[in-house]
């Protein structure tokens with residue numbers, strides 16, 4: 001086979017000039033607003049949608065650089081602000097593995113987004129391409145999607161303007177309105193050279209999960225119905241598409257599905273509302289759907305990558321939350337039991353572990369360690385949880401807010417596939433472990449996939465919500481958002497459990513915590529909003545509330561507000 005003809009230096013220079021000219025035209029069309037500073041964090045860029053058009057244009061440039069640097073591997077771009085209020089929006093990049101953007105590239109995203117002029121953008125872009133050794137003649141492939149926010153279509157236009165700057169060397173695929181987890185799945189499946197992960201489409205995503213769920217449920221269906229609060233977001237769209245594929249094995253009753261009603265997204269509903277307020281969404285409270293004993297419900301967040309469950313106590317009628325901690329504990333214990341039942345030989349023993357953040361309720365950590373399930377604590381953020389979970393054969397990670405998943409290592413999958421079952425029970429356990437690995441979206445937290453994961457475990461255990469809840473009692477806790485003039489002065493350490501700066505503040509926190517029975521509290525700057533978050537837990541609800549108030553006062557003093 002003859003090699004591709006090498007472009008003459010004159011032609012290459014001409015094409016480079018055309019590219020820079022196209023970027024300049026786009027940059028002039030989408031100038032950076034003055035007095036705005038952008039930072040690419042755990043959730044990508046996230047702020048008021050009106051401040052984002054220039055960022056979307058520049059993210060388009062970076063996505064193409066990333067793809068070209070990786071020899072044409074498909075890169076994902078998701079336009080969403082998850083649980084944030086409707087006027088906000090955001091954007092993040094997805095690497096070929098379906099995971100978050102390589103952290104070493106976050107600084108490049110920040111640098112491009114903050115270039116104050118067209119000239120500085122061209123200079124920074126050229127420097128980056130040279131520094132990163134990007135061959136701009138390489139092909140690039142980008143797949144992108146957005147949620148139901150009204151600002152989405154205009155921001156997508158800005159993204160497309162950036163992508164179009166490169167001409168025919170860039171191939172794009174617009175998935176339209178869809179969830180963040182589905183975009184991650186499509187990116188991972190597109191880059192899977194073995195072809196075994198799944199068809200890289202929404203249809204492939206639905207069919208893969210439906211098949212695995214049906215395998216796990218077997219003849220146990222149809223299951224009890226579940227009510228799903230879709231946060232008036234894109235999860236409503238995905239849920240409707242999925243249930244038509246799944247059939248009636250799990251009756252699903254969608255609630256809060258008003259995706260086109262202005263101001264409805266995440267308003268008094270959704271996973272963040274339920275977790276923060278520790279109460280039913282008013283729409284569900286007034287509907288009375290949970291009044292029947294044994295009925296359970298769950299809430300997605302705005303882009304359907306978080307989920308929390310809840311029910312009403314049968315005798316007291318009180319609200320009971322089953323959050324990410326409860327999910328992680330139940331799933332880890334169940335998968336651990338399956339590993340024991342699989343009876344793999346000594347060379348292929350699988351280790352199940354849990355990864356938590358400082359937000360995990362102290363009772364959940366104590367429960368897991370008392371049952372010999374190893375627990376790792378890491379800083380808040382998906383990238384930290386995901387990477388720590390990869391160190392286990394089967395790594396379970398869930399933030400208390402309901403964002404999480406389960407990772408099966410390649411060696412674990414190989415051990416299960418090559419195992420020689422010692423009995424029918426052993427064979428069944430191996431089959432179920434492999435089915436769970438197919439059901440779970442291992443690229444990222446996925447509310448829909450995690451809902452099915454929980455329902456499958458409950459079906460196998462023969463449990464309802466109250467039996468699930470009975471494992472341990474959460475310590476009462478409060479999470480408070482404190483607006484501060486400058487969140488950057490707050491620097492956390494020790495997996496965000498201690499404050500390094502402002503100096504002396506942690507000593508005051510420690511002194512205060514000692515006054516409360518089973519007290520624990522920490523302070524960390526938000527990664528997505530201009531505020532500081534205070535978490536407090538104690539033996540009683542009153543003590544937790546009082547501790548939160550006391551720590552909030554310390555934070556306000558430390559930030560110069562008192």
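Every residue gets a Cβ built from N, Cα and C, even glycine.
Quick look at what TrEMBL lists:
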{"type": "ACT_SITE", "residues": "82", "note": "active site, phosphoserine intermediate"}
{"type": "BINDING", "residues": "82, 301, 303, 305", "note": "Mg(2+) binding site"}
{"type": "BINDING", "residues": "399, 400, 401, 524, 525, 526, 527, 528, 533", "note": "substrate binding site"}
{"type": "DOMAIN", "residues": "72-106", "note": "domain 'Alpha-D-phosphohexomutase alpha/beta/alpha'"}
{"type": "DOMAIN", "residues": "127-193", "note": "domain 'Alpha-D-phosphohexomutase alpha/beta/alpha'"}
{"type": "DOMAIN", "residues": "220-308", "note": "domain 'Phosphoacetylglucosamine mutase AMG1'"}
{"type": "DOMAIN", "residues": "323-463", "note": "domain 'Phosphoacetylglucosamine mutase AMG1'"}
{"type": "DOMAIN", "residues": "479-553", "note": "domain 'Alpha-D-phosphohexomutase C-terminal'"}
For residue 303 (Mg(2+) binding site), just count the other CB atoms lying within 10 A of its CB, please.
33
So which of 127-193, 220-308, 479-553 is most in touch with the domain 'Phosphoacetylglucosamine mutase AMG1' (323-463), counting Cβ pairs under 8 Å?
220-308
Inside 8 A of the center formed by the CB atoms of 82, 301, 303, 305, which other residues of the chain have their CB, for the recorded Mg(2+) site?
80, 83, 147, 179, 180, 233, 271, 300, 302, 304, 306, 403, 447
Counting by DSSP secondary structure, give me helix, strand and coil numbers for the domain 'Alpha-D-phosphohexomutase C-terminal' (479-553).
25 helix, 25 strand, 25 coil
Go ahead and report the DSSP secondary structure tallies for the domain 'Alpha-D-phosphohexomutase alpha/beta/alpha' (72-106): helix first, then strand, then coil.
4 helix, 14 strand, 17 coil
Could you tally the C-beta atoms, other than its own, that fall within 10 angstroms of the C-beta of residue 301 (Mg(2+) binding site)?
32
Per DSSP, what is the residue tally for the domain 'Phosphoacetylglucosamine mutase AMG1' (220-308) in helix, strand and coil?
27 helix, 15 strand, 47 coil
What is the one among the recorded positions 82, 401 whose Cβ has the most other Cβ atoms less than or equal to 10 Å away?
82
Let me make sure I understand the structure: which of the binding-site residues listed (525, 527) has the fewest other Cβ atoms within 10 A of its Cβ?
527
Can you tell me the CA-to-CA distance separating residue 525 (substrate binding site) and residue 303 (Mg(2+) binding site), as a whole number of Å?
23
